[in-house]
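This report concerns only the one structure given below.
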Amino acid sequence: MKLAYWMYAGPAHLGTLRVASSFKNVHAIMHAPLGDDYFNVMRSMLERERDFTPVTASIVDRHVLARGSQEKVVENITRKDKEEHPDLILLTPTCTSSILQEDLQNFVNRASLESSSDVILADVNHYRVNELQAADRTLEQIVRFYIEKDKKQHNKKILEKTKKPSANILGIFTLGFHNQHDCREIKRLLADLNIEVNQVIPEGGSVTDLKDLPKAWFNIVPYREVGLMTANYLEKEFQMPFISITPMGIQQTSMFIYQIQEILEKLLNTKSFQENLNFDQNTNFYKKYLDSTFYKKYVQNQTTYISQAAWFSRSIDCQNLTGKKTVVFGDATHAAAMTKILTTEMGIHVVCAGTYCKHDADWFREQVLGFCDQVLITDDHSQVGDMIARLEPAAIFGTQMERHVGKRLEIPCGVISAPVHIQNFPLAYRPFLGFEGTNQLADLVYNSFTLGMEDHLLEIFNGHDTKEITKKSSSIVNDSNNSKFEWSKEALQELSAVPGFVRGKVKRNVEKFALENNHQLITLDIMFDAKEAVNA
């Protein structure tokens, strides 16, 4: 637990609420003090949804502190059961309820006796996990609950599979970064491969249908932050293979498709699976799924006619970006994928790749090994800001916080990961995954580098954004002797002649040179000396 004005991943109860409210007809009750119930406002504002199940807050007030919470919590559960008739009521503990050391499981057991809905307590340690870890655990807990419930009721021994190859998409949920658009793109890709979508969970899913998850042939986990625990559970219980490759960028999307091919070939050549499908009677139907040339032709057609990223990477526009320095930071999934795209598909130099998912640090390091100069694993935004200021990249690809850092340092930034602002919930179709996603990423990268020219053009034509030169100290030097430098009139005139999109970098280099050489007044000669020192 920490007090901060900025967090990359929120408290655990937010992750639990995001999963619960993503399902249809599931009601979450949060046991928390007044002020923690901002989730409904945040979701309705960002997702722009008209119809979603709001979260109910069971407020911890002075009366609760005096008498205990049991009566109030049980009353809220039974009241919502009668009013809303949900399939599931999920009680969400918070740090406050943990501090009070209340036995919420006992509250749930008592409420279950009086409710027609299923009632469960989110099994999350709110001191040890963050928002993403809690969401992953809560999704797995709900899936396990309903599959175990179905086993007890029906005692099925033979597991049925869909006749046509099908997949579950796990981990698409509310407030996710471009999740809705990515899901549409994955569905389109699967449809092109003649593969059905069995279920998408939790977004738009029903908990009463979770018992049918094992009917799918395999599972897809687009983002490893949420859905991986559920995929591991289904693999262990029902031997369901899963794909955890994120289809982001041309190479990763192609690998994603070829892994689907490998899974289908393996399943269709397994005797027990063949018996389940009556394979001998439908050999011709399944033959097309074993044709390797089909998948190769599909990838070739998509990269030729749908994705323009491969063509763009060979164009003079992209070649002009070759070798430029960038910093990448975000959740493990998007940061790792973006690092590979910039390095291998566009020839851009990633000087630092980082993630705030400290629990997934080993996987992240393994993924970006050889694709960047250094790795940063932290959830402290000030460390990220200091790193960016020190490295002085030409562009940043990160979260909303890195965008703010970039504005302060006059470095352009493309947002590629949560946490985000409302502008990153576009109404237009903007996937980051699949072949259409490669076009969006190419635009994002190119625009992030080139839009800096706008300041220069506005200055040339006396536009409204003409900037005044300010005498502020360099943000890259953290030295106790660092004072504000004096600039001579001639030096300021020379600095004002530098294009706006690189002026900040030039100013920082000159001030750094002046500090290293103990100059308080920056003259024209010192500017030229600093330029020679940089080029030396």
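For all residues, glycine too, the Cβ spot is worked out from N, Cα and C.
The shown structure was predicted, so the numbers you read here are calculated from the model rather than taken from an experiment.
Annotated in TrEMBL:
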- D317: active site, proton donor (ACT_SITE)
- D36: [4Fe-4S] cluster binding site (BINDING)
- G452, M453: substrate binding site (BINDING)
- 12-449: domain 'Nitrogenase/oxidoreductase component 1' (DOMAIN)
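Cβ neighbour counts within 10 Å, taken over all protein chains shown, single out D36 as the most crowded of the recorded positions D36, D317. Note: the Cα of D317 (active site, proton donor) and the Cα of D36 ([4Fe-4S] cluster binding site) are spaced 48 Å from each other. Across the residues of the domain 'Nitrogenase/oxidoreductase component 1' (12-449), the predicted structure has a mean pLDDT of 90.
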